[in-house]
Amino acid sequence: MKITGLFKEFFESEKSSGLFLISCTLFSLVIANSAIANSYLHFWHANLAGNSLEYWINDGLMTIFFLLIGLELEREVYDGELSNIKDAMLPIFGAIGGMIVPAGLFLVMNFGTKTQSGAGIPMATDIAFALAILSLLGNKIPLSLKIFLTALAVIDDLGAILIIAVFYTKTLLWTNLCIALGIFGFLLILNRLKIRNLIPYLIGGVFMWYFMLHSGVHATITGVLLAFAIPFGNGDSRSTSYILQHFLHKPVAFFILPLFALANTAIVLSSNISETLIQNYSIGIALGLIIGKPLGIFLLSMLAVSLGICKLPDDLNWKSILAVGFLGGIGFTMSIFITLLAFNDDTIINNAKFVILISSLIAGIIGYFSLKYVLKNTIIENKN
């Protein structure tokens, strides 16, 4: 398996960010259920330029997160794990399985109800949290497993982006959408003309975000489009894409995602938690993340290898693929993000966030201990 120049930096920042995110989440949950809860909740909903602070984080700052995801995906396509179609097929099939099966389980529980729109919730993977859990196992983790999980999560996020664009766009203002796409086309022309200066791309990106925001399509899509408009060149440290990607790693990991977590995990816990957990949408989310994710990743990966479409890396086995599949069930920030688009009822949103947190925690614990067991046995077998 191939490793890109920025992969180690990406992995390090993501795992550190994941641990920081856990701290932010616990802090937010405690404060949201304390004596100062009202002030804390009011802070995130305070008016800022006509919208709440939470709104600007979700529709503004998260666009920068998706820009980084787009740049990572671009690098993987041109110069990384996804550049070789044979190598790319394993995480691609795993990601497809990890989206279809969770969505299917959710729909089994919710089809025909007002909450069926939440099928996209268990389809996403939180890269930062998943890599943070993986990093707790230290140097025991094969490099190919780190790359598999990272590629899987990036493809998952791409799937989530497509889902947001296709299924969570309620009303379209075609004029604004066409202007946004026109700006994207103009930036592609700049790319083809080999204009490497980052400034026109960033200015164009701001205007594209504005018109996308007012088109009905979720504005975060702008981040991914902008990423693929920015010149990749030969991908070395002087390329425009590399410079921006390198610059964004830490602000995204240690500012944007933690801020998103603080704003969106201010969950007021219900006094009747048992009633929350037996709702159809709650069961659907839990089944999707805890069972659907690992099962889908495992089955589709095995199918792809069985059909000769790709091969399993020499230092991996099916037990490790199943174990890492549970880490794919850590939906957290991405699942919460889709929840905000899928539902309008504040009670359902609050309950869904709680179930996402619990399900992600369970998936993470199962993934950690199953991987620890699998890797320990693999080391013993290799010694024998």
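Any Cβ shown, glycine's included, is placed from N, Cα and C.
Taken from Swiss-Prot, the feature transmembrane segment applies to 17-37 (among others). If one looks beyond the transmembrane segment (17-37) by at least 6 residues along the same chain, the residues whose Cβ comes under 8 Å of a Cβ in the stretch are 126, 128-133, 135, 252-254, 257-258, 261-262, 265-269, 332-333, 357.
Marked as transmembrane segment by Swiss-Prot: 53-73 (among others).
According to Swiss-Prot, the transmembrane segment annotation covers 89-109 (among others), on the basis of sequence analysis. Within its own chain, the transmembrane segment (89-109) has Cβ neighbours under 8 Å at 81-82, 116, 118-123, 125, 148, 151-152, 155-156, 159, 280-281, 283-285, 287-289, 291-293, 295-301, 303-305, 309-313, 321, 325, 328, counting only residues six or more beyond its boundaries.
Remote same-chain residues near the transmembrane segment (118-138) are listed as 11, 14-19, 21-22, 69, 98-99, 102-103, 105-107, 110, 145-146, 149-150, 152-154, 156-157, 159-160, 163-164, 167-168, 253, 257, 281, 284-285, 287-289, 292-293, 324, 327-335, 337-339, 341-343, 352, 356, 359-360, 364, 367-368, 371-372, 375 (criterion: CB distance under 8 Å, separation of at least six residues from the stretch ends). The annotation transmembrane segment is assigned in Swiss-Prot to 118-138 (among others).
Per Swiss-Prot, the feature transmembrane segment maps to 147-167 (among others); the stated evidence is sequence analysis. Sequence-distant contacts of the transmembrane segment (147-167) (same chain, six or more residues past either end, CB-CB distance under 8 Å): 1-3, 7, 10-11, 14, 66, 69, 72-73, 76, 80-82, 88, 90-92, 94-96, 98-99, 117, 120, 123-127, 130-131, 134, 217-218, 220-221, 224, 297, 313, 316, 321, 324, 327-328, 334, 337-338, 341.
Under the heading transmembrane segment, Swiss-Prot lists 171-191 (among others). Among residues of the same chain six or more beyond the transmembrane segment (171-191), those with a C-beta under 8 A of the stretch's C-beta atoms are 200-201, 204-205, 207-208, 211-212, 214-217, 222, 225-226, 229-231.
As annotated by Swiss-Prot, transmembrane segment applies to 198-218 (among others).
Beyond the transmembrane segment (251-271), the same-chain residues lying 6 or more positions past its ends with a Cβ under 8 Å from any Cβ of the stretch are 13-14, 16-17, 20-21, 24-25, 27-29, 31-33, 37, 40-41, 44, 53-54, 57-58, 61-62, 64-65, 68, 128, 332-333, 336-337, 340, 350-351, 353-354, 357. What Swiss-Prot records for 251-271 (among others) is transmembrane segment, and it gives sequence analysis as the kind of evidence.
The transmembrane segment annotation in Swiss-Prot covers 283-303 (among others). Counting same-chain residues at least six beyond the ends of the transmembrane segment (283-303), those with a Cβ under 8 angstroms from any Cβ of the stretch are 90, 93-110, 115, 118-119, 121-123, 125, 152, 277, 312, 318, 321-326, 328-331, 335, 352, 355-356, 358-360, 362-363, 366-367.
Annotation source Swiss-Prot lists transmembrane segment at 321-341 (among others).
For the transmembrane segment (354-374), same-chain residues at least 6 beyond its ends with a Cβ under 8 Å from one of its own Cβ atoms are 25, 29, 121-122, 126, 129-130, 133-134, 136-137, 140-141, 265, 267, 269-270, 273, 276-277, 281-282, 285-286, 289-290, 293-294, 317, 319-320, 322-332, 335-336, 339. For 354-374 (among others), the entry in Swiss-Prot reads transmembrane segment.
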